[in-house]
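Encoded as structure tokens, the structure appears first; notes follow it.
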Amino acid sequence: MAGVMGAAAFGVGLLPLSVSLSKTHLAQMSTLGSGLLVGAAIGVVIPEGIEHSISTVSHEGAPTIEIPTFKIALFILLGFSLMFLVEQHFSSHDTHHGAVFSADQDGDPNIDELELEEGPARAGQSTHRRSDSQGASYIPSTNPLSLGLLIHSLMDGYALGVTALDPNSLQLSLVVFLAIIVHKAPTALALTSTLLASSMPISECKRHLAFFSAATPLGAILSYTFYSFLAPPGGTVSVGSPLLFSGGTFLYVSTMLTSVSGHAPSPPDEMNKTTRTILLLVGMFFPSLISSALDHGH
């Protein structure tokens, strides 16, 4: 699944290099992806993490089932905080370097806002440039943003690798895979479009896209291998804490995207508020419904 996800992200990211895509369709996919991440985190990943945490405690000889509330809260907050620190670091880095992506955009987009940019439509626009004291042309810096998305993608892979640790939870892996790939597609599109708008050569854009696409499979392989080595001989590793940590990272990404999407001004040719709300709600409930259907099918 990790390999399929990486190949799909790279293929989708190549589209702005050859064709012009609708801003509306990109925004709709990004909104649906945000809803899927919320649903995957709250409806699937975090409940599974809590269930595994409770099972681990009860198997250690405790007379009653204990719910480790502090542990549950701690690992969710750790995952949430990590993504918050990554976003804060790289968005401030962009601000200090004066990154400007187009003539009609004054603010500096952070990791989450990138997915809600006008995206491919900007590729054909002229890049806004400034001149320094010597009159040389200024080209915006996009490396910090690419690096931030790279870490973001690694954490997606971490979540996918963790869900694959439990051989009895195939539905969990499938739901997380679906949520990540729907979320990753518009991110890859927006990343490539932003790099093109900054006058970066096509070959360099492809290199950035390749790193971004490979990060999720790499993160999945590394997390799966790491936790597999922690498993006792003949046993399995407890995935409760890793799942809760992944749920925290999902919560940050999805809630921040939803917040930005809900407060961003909508041009006439883009989604209205009703469409955005419906897509978010469909995305939120879909992971739980799929997980329940797959669970009953076994």
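Cβ from N, Cα, C; glycine included.
Keep in mind that what you see is a predicted model, and the values were worked out from it rather than measured.
Copied from TrEMBL, the annotated features are:
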- 32-50: transmembrane segment (TRANSMEM)
- 70-86: transmembrane segment (TRANSMEM)
- 174-197: transmembrane segment (TRANSMEM)
- 209-231: transmembrane segment (TRANSMEM)
- 243-265: transmembrane segment (TRANSMEM)
- 277-294: transmembrane segment (TRANSMEM)
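Counting Cβ pairs under 8 Å to the transmembrane segment (277-294), the stretch among 32-50, 70-86, 174-197 with the most such contacts is 32-50. Listed by sequence, the residues of this chain that lie at least six past the ends of the transmembrane segment (70-86) yet keep a Cβ under 8 A from its Cβ atoms are 46, 49-50, 53, 111, 148, 151-152, 155, 240-241, 244-253.
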